[in-house]
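Right, one structure below, let's go through it.
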Amino acid sequence: MNIVILAAGMGKRMYSDLPKVLHPVAGRPMLAHVLDTARALSPSRLVVVVGHGAARVREAVAADDVAFAEQPQQLGTGHAVMQALPLLDDSQPTLVLYGDVPLTSAATLQALVAEAGTQRLGVLTVEMPDPTGYGRIVRDAAGSIVRIVEQKDASEAEKAIREINTGIIVCPTGHLRKWLSTLRNDNAQGEYYLTDTVERAVADGVETVSAQPAAIWETLGVNSKLQLAEVERIHQGNQARRLLEAGVTLLDPARIDVRGELSCGRDVTIDVGCVFEGRVHLEDGVRIGAHCVIRNSTVGAGAQVHPFCHIDEARVGPAGRIGPYARLRPGTELGEDVHIGNFVEVKNAQVAAHSKANHLAYVGDATVGSRVNIGAGTITCNYDGVNKHRTVIEDDVFIGSDTQLVAPVTVRRGATLGAGTTLTKEAPADKLTLSRAKQLTIDAWQRPVKQPKK
């Protein structure tokens with residue numbers, strides 16, 4: 001099967017320099033969602049018709065399985081499909097989709113393709129409570145589709161029809177090529193309508209059939225930021241429903257954003273306002289507090305992520321305790337029962353089991369052993385202004401508060417660093433190391449007195 005995706009429109013009502021089909025739904029361009037659905041149908045040829053912002057669209061979705069056709073002037077849907085004809089295989093039917101209709105399911109399209117077979121024209125239609133603005137499906141007394149009339153060209157009787165054309169069609173490619181060559185633009189819009197192929201099919205004795213989606217929202221197009229927001233909420237509602245049906249506890253299903261793939265084990269609980277980006281896996285018994293952002297990460301079984309944490313390309317081990325207000329940056333790997341507390345940042349560091357950094361610390365480019373206590377205000381000074389260097393902290397180390405470890409440096413097993421230490425060379429095992437200015441008390445000192453203003 002050939003699949004053609006129309007993605008040439010300007011999107012004037014978006015009031016944006018970004019091509020319409022690149023506006024995101026769930027963090028990804030609308031067109032990317034349509035391409036994913038198209039690929040689920042295993043097409044032999046996949047063609048995207050570009051126009052407005054063509055270079056940006058090509059760059060955004062370029063792939064080995066995608067060919068591009070260009071529509072320099074946007075002269076209607078029929079004209080757009082004409083541009084793809086040289087890239088199509090006439091021995092296969094062609095399915096036409098739209099880059100600004102991101103929620104259509106593969107199951108709905110498969111049903112349409114099955115209904116049409118290889119010899120019939122198939123149209124995806126839907127009954128709308130208010131069909132204003134949409135092309136109407138006109139049927140004869142026997143219920144057969146005879147034509148599609150656009151809103152601006154419809155009579156009053158035709159405007160009363162509630163069954164509308166979604167624009168998605170499938171038909172034999174040879175017939176499509178013939179019918180497109182006969183299209184005229186003598187209509188209110190002055191455009192070449194793809195929908196006019198229905199009348200050509202009827203005239204040629206080609207049966208026209210229809211299929212309907214499981215839900216109206218599958219066919220919603222986006223022409224404004226308001227419609228984009230509506231589609232986003234529908235999509236997020238669908239994601240929330242999927243999670244709930246899989247046994248995840250969402251404290252408010254209306255306040256979660258999944259911008260990628262979120263998979264969960266058993267007895268997972270997610271509080272309000274959380275955002276999941278990329279591929280995220282939450283293992284059994286995980287609890288995510290309110291307003292966390294988690295991207296391309298795994299959270300181990302029984303771990304708790306307290307509110308307002310940011311976790312990016314990191315792995316939290318089983319029974320971990322993160323936050324509140326903690327940040328785990330790329331390359332962070334935490335072992336079992338590791339505690340990363342409030343206002344602690346960890347970057348490109350491996351922290352072994354049962355270690356803790358509970359307050360106000362930066363652990364970057366470091367290897368931390370087991371049962372290590374990192375005191376409040378501890379900083380791994382990993383950057384010399386040009387290069388990054390690593391800090392190694394072995395098992396059972398105790399680091400006092402307000403300590404700086406100037407990398408590259410190693411703290412040996414069982415060592416203790418006194419509060420306020422600036423460590424510039426290796427701290428030996430099982431010993432106390434500290435560097436601290438001598439404390440002085442100046443008996444004759446007096447606090448300055450504020451001078452009156454003149």
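Easy rule for this one: first residue shown is 1, then count along the chain.
Quick reminder: no glycine exception, Cβ is built from N, Cα and C everywhere.
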Identity of the acetyl-CoA-site residue among Arg412, Arg413, Arg436 (reference: Ala376, Asn382, Tyr383, Ser401, Ala419, source: Swiss-Prot):
Arg436
Would you mind giving the whole-number mean pLDDT across the region 'Linker' (226-246)?
98
Given a separation of at least six residues and a C-beta threshold under 8 Å, show me what packs close to Ser401 (acetyl-CoA binding site) in the same chain.
Gly375, Ala376, Gly377, Thr378, Ala419, Gly420
Return the residues near Asn382 (acetyl-CoA binding site), defined as same-chain residues 6+ apart in sequence whose C-beta is under 8 angstroms from its C-beta, sorted by sequence, else 'none'.
Gly364, Asp365, Ala366, Lys388, His389, Arg390, Thr391, Ala407
Using C-alpha atoms, which one of the binding-site residues Asp100, Tyr383, Arg436 comes nearest to Leu6 (UDP-N-acetyl-alpha-D-glucosamine binding site)?
Asp100
Summarise the region 'Linker' (226-246) as counts of helix, strand and coil residues per DSSP.
20 helix, 0 strand, 1 coil
DSSP three-state assignment (helix, strand or coil) for Gly99 (UDP-N-acetyl-alpha-D-glucosamine binding site):
coil
Within 10 Å of its Cβ, which one of these binding-site residues (Asp100, Glu150) has the largest number of other Cβ atoms?
Asp100
Measuring Cα to Cα, tell me the gap between Glu150 (UDP-N-acetyl-alpha-D-glucosamine binding site) and Asn223 (Mg(2+) binding site) in whole angstrom.
17
